[in-house]
Amino acid sequence: MTAPNSAERKACWDSRDLLWKCLDDNGDKTASCEKFQGEFEANCPAQWVKYFMKRRDFLKYKEKMQTEGFTPAEGPRQPS
Amino acid sequence: MLGFRCIVGDAVRGGGRLLRNLPPVQSRSVRLLPPPHLPQLTHTCLLSKGPNASVSSAKLKLRTRLAVTLLLGGGVLAVWRYVYLEKQQNLRRQRVEQLRRVALGQGSFSLLDHRGQRRTKKDFLGGWLLLYFGFTHCPDICPDELDKLSAVVSALDRDASLPPVQPVFITVDPERDDAPALARYVKDFHPRLIALTGSPEEVKHAGRDYRVYASAGPKDEDGDYIVDHSILIYLVSPDGLFLDYYNRMKSEEQITQSVRSHILHHETLEL
């Protein structure tokens with residue numbers, strides 16, 4: 001299997017951006033973005049689809065950390 | 001240094017005394033004295049403290065006094081600048097010495113380029129290198145970094161005073177990235193980009209030398225996988241010495257600036 005060339009990479013990234021925008025606009029409801037999801041999967045290798053979905057979660061998490069800060073989990077309760 | 005302080009002190013406290021001490025003809029022809037003449041100035045300075053100082057009271061024109069003061073000041077500044085530059089150069093020399101002892105990029109490599117020719121690290125000696133490790137199936141980071149690397153090299157190419165910088169891409173995925181795959185891949189980037197591959201051992205050896213981490217992820221049903229790897233661009237000097245590295249946060253402009261400064265301040269080592 002050959003690696004995507006520059007045009008194929010661009011097509012993949014463009015459909016990824018459209019899907020991400022749709023998900024952002026629709027509060028992450030996948031049902032509203034099925035059309036974009038289909039295009040995204042058609043334009044990108046399966047591994048990239050998995051990678052970019054994980055990457056979106058990571059970027060969201062990073063953004064949350066940067067804007068809201070880190071709230072440490074409650075530690076174990078003190079023995080009473 | 002003592003004489004140095006003496007001159008400065010005189011210029012501040014009693015420059016006039018020193019000036020009055022000088023015969024008019026001589027002071028008009030005072031030249032900016034380079035550092036080796038300092039002892040002579042010190043001599044004058046000591047004389048001015050002698051009994052002669054109070055004897056002579058010939059008045060000089062303000063313009064002449066000003067000229068002499070400026071010349072002395074300029075001399076002091078020139079010496080300061082010389083000392084400063086010397087110190088900077090020493091720091092750079094020390095850094096190169098330290099880098100020589102760093103256990104990074106010291107070894108050699110022997111790999112195949114995208115045209116199928118064998119290339120060793122020795123072949124690249126004498127020129128500047130920008131090295132990047134990645135793989136052609138890389139989803140976004142490698143193409144981004146290689147675009148950035150290409151833009152940096154193009155920017156440096158536009159500066160005619162700089163020697164050409166050779167961009168090099170070394171795969172961390174020799175299983176899939178053979179010479180033809182790399183030949184297809186390099187077409188998307190800088191025209192001088194050289195891509196290198198080899199046997200898994202050869203590639204691993206080249207990467208280990210630069211402390212490159214690379215780990216292939218699980219394969220899916222198509223046999224496709226993603227390689228997780230460290231993302232750094234390395235700058236290698238004509239002596240084959242690792243000089244600097246740039247991570248993802250560094251912009252094209254920052255890298256260009258840094259490489260240019262390294263090239264301009266580089267001193268060839270006596271090997």
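Just so you know, glycine gets a Cβ as well, placed from its N, Cα and C.
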Which of B:His190, B:His205, B:His229, B:His262 belongs with B:Cys138, B:Cys142 in the Cu cation site listed by TrEMBL: B:His229
Chain-mates of B:Cys138, B:Cys142, B:His229 with C-beta within 8 Å of site centroid, Cu cation: B:Phe133, B:Gly134, B:Phe135, B:Ile141, B:Glu145, B:Val172, B:Val227, B:Ile231
